[in-house]
Amino acid sequence: MTTGFLQKIFGSRNQRLVKQYQKTVAAINALEPQIEQLTDDQLRAKTTEFRQRVSSGESLDKLLPEAFAVCREASKRVLKMRHFDVQLIGGMVLHYGKIAEMRTGEGKTLVATLPVYLNALSGRGVHVVTVNDYLAQRDAEWMARLYNFLGMSVGINLSQMDHGLKQEAYAADITYGTNNEFGFDYLRDNMVYETDARVQRTLNFAVVDEVDSILIDEARTPLIISGQAEDHTELYVRMNALPPLLDRQIGEEKADGTGVEKPGDYTLDEKARQVFLTESGHEKAERLLAEWGLIGEGESLYAPQNITLMHHVYAALRAHTLFYKDQHYVVQNGEVVIVDEFTGRLMAGRRWSDGLHQAVEAKEHVKIQSENQTLASITFQNYFRMYAKLSGMTGTADTEAYEFNEIYGLETVVIPTNRPPKRIDKQDQIYKTAMERYNAVIRDIRDCYDRGQPVLVGTTSIENSELLSQLLNKAGLPHEVLNAKQHAREAAIVAEAGRPKRITIATNMAGRGTDIVLGGNAEKQAAFIEADLSIPEEEKAPRIQKLHDEWQTLHDQVKAAGGLHIIGTERHESRRIDNQLRGRAGRQGDPGSSRFYLSLEDPLLRIFAGDRVRAIMDRLKMPEGEAIEAGIVTRSIESAQRKVEARNFDIRKQLLEYDDVSNDQRKVIYQQRNELLEAHDITETIGAMRHGVITDIVRQFVPAGSIEEQWDVPELEEALRNDWQLDLAIQEMINESQSIDPDEILEAVLAAADEAYESKVEQVGRESFSAFERSVMLQTLDRSWREHLAALDHLRQGIHLRGYAQKNPKQEYKREAFELFAAMLDSVKLEVTRIVMNVQIQSPEQLEQAAEQMEEQGSHLENVEFRHADYSEGGAAVAAAPVAANAAAAMIGDAMAHGGSAAAPFSGDAVPKVGRNDPCPCGSGKKYKQCHGKIA
């Protein structure tokens, strides 16, 4: 109550910020008459002047009014577009490292030019981040005219681009590209073997377009560069036959044995997107697998040797029960292509992790691609937080303002619209069944069509858009379908969606990037006339004028009919996606309207709010075809959406907390890599490693401060001879000296190791040997890091079970991840020292050849893929991929062999068979099937 009272007096934080920025707007406007007097050359020369002032120490903040005024004047001359005052405010918000929420049609692309121009003056580069290649190319080509006029260079960073072109793009003052490509380039730069092979400069300033889509929707999906692992194709094919033979159980068994409506072999948790085998399901699966010869007769699926099989069983089950064709994926050209659930776009080249993608391929009977091993990965949260300054813009950020502030430290500022909005948002209508809902949608569309009003219908899946298309065909209503399958026609369809009587069906409109102008997009058609060489120059101007006159007539006609009408056929999990769909109508003060039509069969209502709404309908005795239209129901749905959003926020926050552990380690590894690449001579580093490793070896057999009776000299001599090519008569030294101590023995061994090393260097020369050492070091570091990533994945899969032992899973993960990391660094030192000490040199040329070969192997990995992998897809109930388990076991085993403190490697033979109903060996007191058996 007090807060509301104070806000009335002082205004909200948002209002105060906007008011503050309006003072700067007045200063920019005051400069306009003076800037208008400048010639083109004088205006261009301002950039050189600004650059000199920045290099002399003047701050960008002080330069802002002049730079914005110059940029606005250049835009007027080149693009024939003048920044509105609210756009200047948007530009300031971006410059100060905040998020600008601007409604659709308010000119976000033009707003970005202001802070981009200002920050590019520093010469440290600016990245403009978009959601897809089409928008990156469109915006770069469109705005390059403005930047080039002002003497700025512009680069476009696209996927599949040549390495040289990428370096040019990053060297430019301003670089446009997609979030994925910027992230992958960062990872690739940390896998190179030469400094000049890197493409990125220091991460200085980024403006992220559709910031909510990139920093929130995609934040659960780390960027992963992966290579091919072990082939299990045959096993996926065999397992694909299992799910159809199992029945779903309805209801969860409670402690008293009640709760099961229909017994079955597996249960589904649709909220968590998980599937679990029941007791009878395990028995049936074991029986079938034994019949197929995949496990021994009477053998348990929980036996250690069957963990891989368990992984495949769950992958097949999830593929059949939780992932549907034309909703979660499409089959195109013999491949399973993921559909982005937020935007409805096809995610070509992206694959689900943990064997799920292969299981879906087996289900759809297409060629099964091999499983992958992670080579490098990073989340968007950790990538974008590396920029010295980060900002973003979107039409819908206010609902996620807390998350932006909590995770990225970004404040959200809502920018006032240039003209007051006139869109009317009508109450939701809720029907009992999906068919009743679609009939109501068709009636609404027909009403709009009859009065010449354009309609945009939003659906949440490709399947629903195609079903609606069939119903419209039956009703005889002409329409356009815009979904992931028509990606190439996307912009053209959206541009014309504002014409009279136009009906457009679209999957989620997030990131579509093209404005819907009432009456159609005359500018695009005018551009086609300008570019058409077959039309004589003197005819072009009259044709374009005629086009604009026709457009004005259509524009007025559509405005009179009520503007663009938005129909939502389902509520999305996120209110923001619904708001994005609504935001397509009512741009720049145009009229418009929106309404959502829902049914109790929609996933959101069914899972989160269905019982409450159904009870209201039953109480009101609603006849078939009748809808509920009440504020209480709409609020109930919004409450369900808030619950889902809160849950998704927790998932993203938890992902970040876990990823922060590997991120700290990633920084250490990448920093070491960069130091190695830039160092001319790493002799000191190698020497320190050699001394450390040799000291550890000697101390194993001759401990510090010990007496002669405790020494194992024969074993030490053998270890030095076999592993390190050092033939030392230590026993003779002891016999000859009456008072030799452990430190003297250590010094003698270190001196011998140094001498052996120097003799190798003398054979080929310091420069050649140093190049070889660098190659060995990089190759070993990269291989160990890849194995370490797999080990962390494996550790993460089952860490939540520590909660059963009253331990904090996050703390346990941090502790064990650190132990694994320390063991990895020890194994790197050991491996590098071993190779350097054991290398047999015939000639300098041979050494150079070996170094080149190692670099070649490291930089040209087979079948490398660049993808997202959603951690929620892998699921805690599914076993870690075999490759992760094997790599983890191998690494822990290495650490033990070299004196590390990690646990002994897992061995199937050493573990006794545990029955499903036996107490879990971890000591939690639970049955094995309810504890560690769950992740098997």
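Just so it is clear, glycine is given a Cβ too, placed from its N, Cα and C backbone atoms.
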Handout entry: Candidate sharing the ATP site with G105, E106, G107, K108, T109, D515 (per Swiss-Prot), from Q87, Q525
Key = Q87
Completion exercise
DSSP output for K108 (ATP binding site) maps to helix
Exercise for the section: Specify the secondary structure state of Q87 (ATP binding site) as given by DSSP, simplified to three classes. Expected result: helix
Problem - D515 (ATP binding site) in three-state DSSP notation - result: coil
Practice task
Restricting to the same chain and to sequence separations of six or more, state which residues have a Cβ under 8 Å from that of E106 (ATP binding site).
Solution key: V86, Q87, G90, I415, T417, N418, R587, Q588
Practice task
Check each residue in the chain of G105 (ATP binding site) that is at least six apart in sequence and keep those whose C-beta is under 8 Å from its C-beta; list them in sequence order.
Solution key: D515, R587, Q588, D590
Practice task
List the residues of the same chain that sit at least 6 positions away from G107 (ATP binding site) in sequence and have their Cβ under 8 Å from its Cβ, in sequence order, or write 'none'.
Solution key: M81, H83, F84, Q87
